[in-house]
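A short write-up of the structure that comes next.
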Amino acid sequence: MPELPEVETLKNSLKDKLIGLIIENVELKRDNLRYKLSPLLATEILNTNILDVRRRAKYLIIDFNNDYSLIVHLGMSGRFTLQSANYKTQKHDHVIFDLSNGEKLIFNDTRRFGMIYSFKTDLLEKEFFNDLGIEPFSDLLTLEYLKDKLQTKKIPIKNLIMDNRVIVGVGNIYASESLHLARIHPDKSGNDLRDDEIENLIKAIRDVLTKAITAGGTTLKDFVNGDNKPGYFTKQLKVYGREGQSCLSCSSTIIKIKHSGRSTFYCKTCQYS
């Protein structure tokens with residue numbers, strides 16, 4: 001599933017190309033996504049001007065000049081790409097936006113776990129994103145904030161940093177990578193972390209996410225950016241997906257365990273605490 005770096009990469013690839021364009025037509029090809037497409041989607045943003053393209057957590061947001069925004073979640077296999085005017089519709093295209101420059105913006109989702117909504121812009125944070133925690137790069141992510149969130153939590157730190165009510169956008173891949181960089185065992189209880197470990201973890205999360213964004217995200221199977229290009233952070237993964245291989249830091253063997261049904265990868269030598 002695309003995480004923060006993938007959505008940030010998608011945003012960066014689309015923003016300059018979309019701002020200022022007009023949505024001339026919206027074609028709903030297939031509404032059989034996990035959350036059924038609303039017929040209003042075809043009319044609420046019709047003939048509107050694109051003001052901005054931004055990200056909140058793992059959501060892509062496109063703002064229009066009629067006080068509405070398009071909210072896109074890629075789910076497991078969603079793709080949101082720019083295509084030329086002569087683009088031929090594909091089997092799993094769900095929504096096609098015709099743009100004023102002749103190009104098409106396509107939402108394609110093979111596994112249909114994605115979602116796409118239109119929503120009043122000024123109500124997004126209050127009603128749509130009201131349960132989300134803070135962004136990893138926000139100044140609000142401090143030792144005091146995270147310590148307060150962790151001090152009563154007797155559950156694995158890996159689960160806690162993946163909780164979008166605490167920090168948004170840190171999915172399975174980047175949780176494993178961040179904990180390895182911070183040298184923290186993924187099973188360690190959140191309330192057992194020392195202050196210096198919490199500070200190291202915040203720094204590690206930011207460092208890993210920054211490197212992933214710079215590399216264009218991680219493509220394990222489906223992810224591509226708005227230009228239909230994959231991400232290359234896969235080549236920089238230190239532990240994720242490397243079960244049985246040597247740790248790149250100490251040569252110990254990478255171990256795979258499960259947390260809440262998800263695969264976790266770590267090094268027992270580097271992540272001793």
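Note: Cβ is positioned from N, Cα and C throughout, glycine not excepted.
In sequence order, LEU10, LYS58, LEU74, GLY78, GLY217, PHE223 constitute the residues six or more apart from PRO2 (active site, schiff-base intermediate with DNA) in its chain with CB-CB distances below 8 Å. Taken from Swiss-Prot, the feature active site, schiff-base intermediate with DNA covers PRO2, and the record attributes it to sequence analysis.
For GLU3 (active site, proton donor), the same-chain residues lying six or more positions away in sequence with a CB closer than 8 A to its CB are LYS58, GLY169, VAL170, GLY171, ASN172, ILE173, TYR174, GLY217, THR218. Sequence annotations record features per position, and here Swiss-Prot assigns active site, proton donor to GLU3 (among others) based on sequence analysis.
The DSSP secondary structure for LYS58 (active site, proton donor) is coil. Swiss-Prot lists LYS58 (among others) with the feature active site, proton donor.
Under 8 Å, Cβ to Cβ, and six or more positions away along its own chain, ARG262 (active site, proton donor) finds ASN172. Under the heading active site, proton donor, Swiss-Prot lists ARG262 (among others).
The local packing around HIS92 (DNA binding site), expressed as other Cβ atoms within 10 Å of its Cβ over all shown chains, amounts to 17. Summarising the annotation, Swiss-Prot assigns DNA binding site to HIS92, ARG111, LYS153 and lists sequence analysis as the type of evidence.
The annotation zinc finger is assigned in Swiss-Prot to 238-272. Beyond the ends of the zinc finger (238-272), by six or more residues, the same chain brings 156, 158-159, 172-173, 175-177, 179-181, 183-187, 220 to within a C-beta distance below 8 angstroms of the stretch.
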Quick tally, other C-beta within 10 angstroms, LYS58, ARG111, LYS153; top of the recorded positions is LYS58
Record-listed DNA binders HIS92, ARG111, LYS153 have a maximum CA to CA distance, in Å, of 42
What DSSP reports for the zinc finger (238-272) is 0 helix, 14 strand, 21 coil
